Amino acid sequence: SSVNARPCSSPLVCPAKGENFFGVGNVARIRRLPPHLAWCSIDWDQLCLLHLLGSGGFGSVYKAIYHGATVAVKKVKRCSKNHLASRQSFWAELNVARLGHNNVVRIVAASTCTPASQDSLGTIIMEYAGNCTLHHVIYGTGYLTGNNSDSLKCDHGFLSTAQAVIYSHDIVAGLMFLHSQLIVHLDLKPANIF
């Protein structure tokens, strides 16, 4: 019988701390990205968090500057109630890093180690898509944060039929691409569409 030794993007196959890996003695566990994602490790000296954009069940998203460019930084928190789900969410999001499409946010860098905060499962730096979400466009709501220097540039009028068709086309194009890669977006809502 043969063993499939291809790289795995999930850390779930690794032994727990102190356990043996394929019968080999104690090996120090180093949290790192799989080889196919090594290109995207974070240069921490070049990252400057500006302010919180929002937070959800698995973490928080910040506006930041990375190598002089405006980016979004997602810090995936360790979930004490559902650690497995938070790990799977982090690694599933990193699997998208290899993809490139105009309607899918590009991942710039990522790390499973966070120097400033040990309660973080990992950090993902993504291209910054702006503050204005489809939710803001539909409902004409104001700022994502109370930070007036980072105002939204949304048209607070009614969403026209032409605009709705453009948004729908872009959403469907992005989803069709993800589905062609066997990836399903599990949190699709107007607040997550930029």
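Just so you know, glycine gets a Cβ as well, placed from its N, Cα and C.
Here is what Swiss-Prot says about this protein:
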- D187: active site, proton acceptor (ACT_SITE)
- L53, G54, S55, G56, G57, F58, G59, S60, V61, K74: ATP binding site (BINDING)
- 47-194: domain 'Protein kinase' (DOMAIN)
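Positions of the features from Swiss-Prot, shown on the structure.
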residue	record	Cβ within 10 Å
L53	ATP binding site	19
S55	ATP binding site	13
G57	ATP binding site	11
G59	ATP binding site	24
V61	ATP binding site	17
D187	active site, proton acceptor	10
Reduced DSSP assignment, D187 (active site, proton acceptor): coil
Sorted by sequence, non-L53, G54, S55, G56, G57, F58, G59, S60, V61, K74 residues with Cβ within 8 Å of centre, ATP: K75
G59 (ATP binding site) to the residue listed as 'active site, proton acceptor' - Cα separation in whole Å: 13
Reported mean pLDDT - the domain 'Protein kinase' (47-194): 82
Residue pair L53 (ATP binding site), the residue listed as 'active site, proton acceptor' - Cα distance, angstrom, rounded: 17
Among L53, G54, S55, G56, G57, F58, G59, S60, V61, K74, the record's ATP binders - longest CA distance, Å: 14
Distance, the residue listed as 'active site, proton acceptor' to G57 (ATP binding site) (CA atoms, angstrom): 11
G57 (ATP binding site) - helix vs strand vs coil (DSSP): coil
